[in-house]
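All remarks here apply to the structure that follows.
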Amino acid sequence: MGSVRTNRYSIVSSEEDGMKLATMAVANGFGNGKSKVHTRQQCRSRFVKKDGHCNVQFINVGEKGQRYLADIFTTCVDIRWRWMLVIFCLAFVLSWLFFGCVFWLIALLHGDLDASKESKACVSEVNSFTAAFLFSIETQTTIGYGFRCVTDECPIAVFMVVFQSIVGCIIDAFIIGAVMAKMAKPKKRNETLVFSHNAVIAMRDGKLCLMWRVGNLRKSHLVEAHVRAQLLKSRITSEGEYIPLDQIDINVGFDSGIDRIFLVSPITIVHEIDEDSPLYDLSKQDIDNADFEIVVILEGMVEATAMTTQCRSSYLANEILWGHRYEPVLFEEKHYYKVDYSRFHKTYEVPNTPLCSARDLAEKKYILSNANSFCYENEVALTSKEEDDSENGVPESTSTDTPPDIDLHNQASVPLEPRPLRRESEI
């Protein structure tokens with residue numbers, strides 16, 4: 001049995017295979033760009049889906065039913081509404097049936113079911129099981145028709161009335177609490193929190209940066225909003241142990257505090273690819289051939305309920321666009337700011353983006369182009385300003401001096417004149 005278990009979980013089937021894996025494994029587990037270790041299928045199964053649900057199934061869980069029943073309140077809050085209603089209906093009906101049987105037994109033992117008996121009954125007008133069941137419903141729901149009532153003939157009957165009233169209050173409190181907790185769950189708040197379809201890698205302040213965009217579709221704020229990210233990939237340790245999902249934190253400004261965001265308009269989250277980044281040694285070619293997943297998480301408190309919500313998404317390696325930037329979505333109008341969500345997922349290619357890794361860029365192995373080249377965001381802002389000026393009757397010749405033959409998706413060496421531009425909200 002021990003040998004079978006060893007073969008089942010061992011990644012190395014023989015000493016020769018172990019030597020091959022040891023020679024192919026490198027730091028960070030990505031490979032050297034020329035050859036890549038494939039210990040699993042080429043196409044990675046997404047660990048976190050785009051909608052935030054985790055693609056995980058639990059099997060062979062011992063005593064699962066007992067564990068779920070031990071935490072029955074959380075179980076009722078997590079299950080679907082239809083099952084929740086079924087459980088609550090059963091709770092009421094079973095409690096009515098149980099106490100109806102108790103009152104029927106009391107009447108039976110006391111002889112109240114005998115119509116010829118003239119002595120005082122424990123519960124008046126309870127001479128059948130149906131009558132006992134109706135009395136149980138009237139007692140627990142406090143309907144009080146006044147036709148059936150308990151007498152002082154049997155102390156046990158009085159005790160059962162008191163006990164059923166307490167049980168009914170407990171059931172009502174449990175149901176109301178579970179329903180309110182389920183209705184107040186901030187899970188649906190995630191429907192109005194969105195991530196961009198693709199992440200991008202581009203230059204930002206002279207450094208390669210991984211970026212993705214988040215947005216809030218509601219006007220209500222997300223209090224204490226902050227972001228974090230993790231890179232998931234498989235790797236083999238120096239001892240030959242295979243780790244299917246090694247989790248590596250991606251720094252998005254936790255130390256400096258810029259991971260906390262004011263999410264009123266869409267914001268671009270920036271991860272600077274430095275020597276501490278797991279992407280430091282990866283070039284564009286390595287990214288194209290890599291097999292990893294970046295899980296991004298947005299957390300905050302719902303303003304209406306003060307309950308914490310968490311919105312998740314993920315990006316596979318083939319969903320990271322190298323040398324792209326996001327189109328601007330925030331524009332300054334005369335008395336307000338306008339957010340155009342039709343541009344939220346759109347990107348454009350930035351020419352002259354280094355194709356090398358951040359390490360090669362830091363070691364001056366790649367010569368950067370002119371940093372003052374014309375940017376597409378500026379062209380979009382100027383174009384939008386021209387449209388506003390033309391609507392306000394401003395002559396076209398005074399709006400901008402930008403040459404008309406500039407391509408919106410290409411950079412040109414045209415200096416910008418100082419003028420108030422529309423700005424995108426980014427960190």
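Heads up, the Cβ atoms here are built off N, Cα and C, so glycines get one too.
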181-208, 265-292, 321-348 - the one Swiss-Prot records as region 'Polyphosphoinositide (PIP2)-binding': 181-208
Number of other Cβ atoms within 10 Å of the Cβ of C76 (S-nitrosocysteine) across all protein chains: 20
The region 'Polyphosphoinositide (PIP2)-binding' (181-208): DSSP-derived helix, strand, coil residue counts: 10 helix, 11 strand, 7 coil
The motif 'Selectivity filter' (142-147), counted residue by residue under DSSP: helix, strand, coil: 0 helix, 0 strand, 6 coil
